[in-house]
Every structure is written in structure tokens, then in C-alpha cells.
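Structure, as C-alpha cells:
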Amino acid sequence: MKFRAVLVATSAFILHSSAFSAPAATKPTKNLNPKLFPHTPYVPPNPLLNNQHVQTIGGAFLRDPDLTFKADFEESRVRIPTPDGDFFDVDILRRRRMKASSNPKIAVILHGLESTSTSPLCQSLSSSFVKQGIDEIHCVCFRGCSGSPNLTPGGYHLGFTDDLKQYLTDHLPQSSPKYLSGFSLGANVILKALGELSSSASTLHIKSASLLCVPFDCSLCQPKLDSPGFNKSVYSSNFLKTLIAKTVDQHSRGLMNSIPDFDINKVKKCTTIGEFDDCVVAPIYSFTSNQDYYRKSSCSQYLDSIKVPFLVINANDDPFFDKGCYVEEEKVEMMKAIYTDEGGHCGYLGGWAEETMGSFFRWTMDEDGV
């Protein structure tokens, strides 16, 4: 943990001593091919920020999003009941003084594992999207991630698309253009959902998606995240603290009584994400094992069914992912992939990723004449 503190302090010093200008949105030519999306390459704001762990930890703790835009927006939270007797919360920002007859441009954001709508990255994405003409931001909190314990066993996982599809289908105006964005686990959920929706996404007026740090093949990524050393002692252990605590709480409330062969003592002894997925996620959601869970939840198998343009930004030095899982852009018709040398996991210090993701939305708006 001392090393983590040193990394945070070092990256803070470097970041605040660096100047960076985010790329401006470029006017595209009129073409629906997402591979023609123009973008500025990522260059870390300082050479000392090239380290993958500095980027990853700095991105989590040092993002300083510009929230001045909120003065022009109204904030609210809605609680959405689910068919299985649970709920999820959605935090919404709506532009003030919108015409009642207008169809607002809506961005729906999904966060990552054990994150939430108030995370710096969600806030930074919101700021970028608003600058590109989005009228409403809807940040969907996964079950149990909004500050209120959920009411059924588990809550969410890499392939759990039910809540997102329910929200898109039943709780948003069908005629409004919609733009989906997510990072890490949330990015996987969005791509899987778009593949499941396939051509029906157009009926919901989903125009495009911008994703950051996509774990295309979860069976390859889990061993990397749990690898001995820094990954296991810092990243995995931090995720497990809240995951195990939530599971113990659910067990104490009797929510696990209906789960066959559930063993809370095994849960308490988990030292890796893989072990947790095997003794918690798999039995709750009827997977035969963690490998069965990863195989069925990975978004890579759904990409060919996606019918809307989508942008993927991944870093080759992401400490969570095995680079071997990355999908080549030319193999997927609707995908624009930007694979950078540096960036870490959801790092990209300096704001380039958020600005590029927002610019992709603007580009697809122009392409579509929105």
C-alpha cells in the first residue's frame, strides 16, 4: 500500500506540472463507416506518466473533471423496480430550458466493477458528452452500487444485460437519439447488450456507443488481473474487499438461502477474483463454473451482431487485460478500435479518452444528421 501511495503522489505531481489540450472535435465527411472516424493519437501529458500503474491509479484518484456544466443541468435520481423483485438506481442530468416538443439527445453511461455514477470517470465522461451536444446524461448504477443494498442474491456481472435493456426499452422516450458509453465491466455489458439487441437497436434509436477498456475475452483477462505481485495485492484485493463485504451482508439477510451449495466460509477465504466468481457469481447465476461464466459473458462473441457504430479505446499496457484478447478492427464491421501503447486501465491521464469518446458521439450525430 505504501507503493500505491507513492504512485498516487508521483502521478499527482507530474500531472499538475503538465499542460495538455484535449483534441477538438473534427468535422467528419459524410460516411457511415465508423473506421473513418478521425481522432488525435494519445500522447501522455508527461513521459513519466507512461507507467501502467501510475496511469491506472492516477486515473482513479486524480481525475479532475470540469463540473461547471452542471449549473445548466437539473440533477435527479430514479429508482427502477425490476421484474425479479429488485431495483437499480439511475442518476440523471437534464439540460434546463429544453423545449417540451424536442427530442433530447440522451447518453446512457455504465460504470465498471464496484464503481458508481459519482466516480471521477463518469463525471468526466458526462462533461465531455455535454460539450458535444448531449442533452441528458443517464448513469445507470449496477445493483448494489448506488449506496443502497439490493434485494436479491448477487446484483450484476460481466454479462448481466437485463437492467440496461429494461431501462432502454421501458424508461426512455423511444424517439430520442441514444448514445451508450461504458468502461471496463460496463463496456462489456453494453457490447453484449447491443449484440443481443442486434437490429432492434435501431427501433430504440440507439445511434452509437463509445467504450473504454473493453475485456473482450474475460477468460484471458481474469488470470491477468489475479496474477501474483502488484495486480493481486493491489487491484484484486481492493475489489474483493467490497465484493466479499456485500456478499456477507446478503448472506446475513438470508438472500443466499435459495442458492444451492452456497458456502459463505469459502467466500470469506477468497483471495482472487477468479475464486470469488467461482463460488459466488457462478452459483447465483447458474453458471457451472467461473470459466463457464467468462465464456458465456464475454462480449467478443456478440460483436458481429451489433448494427450500430461503436468506438473501442484500449491500452496495450492495461494491467488488467491480456492483450491477446483484443479484437482486430477489420474483423468487425461496425467497430472503430483505437489501441494505444500507454493508458493503463481507465487511466489516460490528461482527458484524451473522454474527449475522443465524446467526439465520436458528435461525429455520429453529424453522420446521422441529428
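Glycine too: its Cβ is placed from the backbone N, Cα and C atoms.
Just so you know, TrEMBL annotations are computer predictions that nobody has curated.
The active site, charge relay system feature in TrEMBL is assigned to S184 (among others). Sequence-distant contacts of S184 (active site, charge relay system), defined as residues of its own chain at least six apart whose C-beta falls under 8 angstroms from its C-beta, comprise G112, L113, S115, L212, C213, P215, F320, H345, C346.
Neighbour count (other Cβ atoms within 10 Å of the Cβ, all protein chains): 28 for D318 (active site, charge relay system). The annotation active site, charge relay system is assigned in TrEMBL to D318 (among others).
Annotated active site, charge relay system per TrEMBL: H345 (among others), in sequence order.
Under the heading signal peptide, TrEMBL lists 1-19.
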CB contacts for H345 (active site, charge relay system) [other CB atoms within 10 A, all chains]: 27
